[in-house]
Amino acid sequence: MKFAVLVFPGSNCDIDMYHAIKDELGEEVEYVWHDATDLSEFDGILVPGGFSYGDYLRCGAMANQSNVMVEVKKAAEAGKPVLGVCNGFQILTEAGLLPGALLRNKNLKFMCRTVQLKVENNDTQFTNQYEKGQIINIPIAHGEGNYFCDEETLAKLKANNQIVFTYSGENPNGSLDDIAGIINERGNVLGMMPHPERAVNDLLGSSDGLALFKSIVKQWREAHV
Amino acid sequence: MAKVKIFVTLRESVLDPQGSAVQGSLAKMGYNEVTDVRIGKYLEVQIGDTERNIDELVKEMCEKLLTNTVIEDYRYEVEEAN
């Protein structure tokens, strides 16, 4: 399986993401600059964290206007898996690929620590290697991860099981219903604030994030090999 | 030529933790009459010669990039230059 790691000016988790795929997962991966106009050779798209365009105006707003985002929308439309982490999640909401928006953390602080997540839905192509209700340790590092959507959208997210991860115990940012990660209705676009790519080896403090990437590969292999 | 002043604010249904923090500081300073503070953004956009309708143009830019209508409202004023 061949992954693309998108790189915007100001991305800073692209190398972690690349390492997770290449060295820990053992799959093919390439960096793709934001002005790329073709993603057709890739089977999965990873939108990493960072501060694209310095978070100017709004997190993810300017990145959403990049050439490559037109291609990400095409890939999502084609049913390819698209994962957005942290700033990547913010970019996917700005792009309208996921509902809602990420607001400033309720306590106004940049939160950088390992948190516990609960796997709310393990019936997705990103979480099939987890147990439902499993508690996993994944680091967060964000100042604007406070998930918000209107009541109608929240009801829809719940009805369709689109809430994939919630914060277990402490909610670090004030997000609605403790939401840490959501998936689109079709089930091929996942956005999450915590960083699974930083939890892919016990040496990093946790390897709980690796199962997320393994899930993507498993689903892809079943469909393509 | 026109100068467009755009005011972007968080929608009323959206909590503004920055605004609350500022209100808290004002209260500590003795300004107890302040009941709410909301923080927004102000943009000045200079528009050169165009054949397009300015309102249409500004609304389009606001909705495509300058604001996120999921969480923000906007209003604007157009100052025509002589």
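Using N, Cα and C of the backbone, Cβ positions are placed for all residues, glycine too.
Whatever TrEMBL says is automated annotation, not expert-curated.
Annotated in TrEMBL:
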ACT_SITE  A:CYS86  active site, nucleophile
ACT_SITE  A:HIS195  active site
ACT_SITE  A:GLU197  active site
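Long-range C-beta contacts of A:GLU197 (active site), restricted to its own chain and to partners at least six residues apart, with a cutoff below 8 Å, comprise A:CYS13, A:ASP16, A:MET17, A:HIS19, A:ALA20, A:PRO48, A:VAL85, A:GLY209, A:PHE213. Between the CA atoms of the residue listed as 'active site, nucleophile' and A:HIS195 (active site) there is a gap of 7 Å, rounded to the nearest whole number.
Counting every protein chain shown, 29 other Cβ atoms lie within 10 Å of the Cβ of A:CYS86 (active site, nucleophile). The C-beta environment of A:HIS195 (active site), restricted to residues of the same chain at least 6 apart in sequence and closer than 8 Å, consists of A:CYS13, A:ASP16, A:GLY49, A:VAL85, A:CYS86, A:ILE138, A:PRO139, A:ILE140, A:ALA141, A:GLY209.
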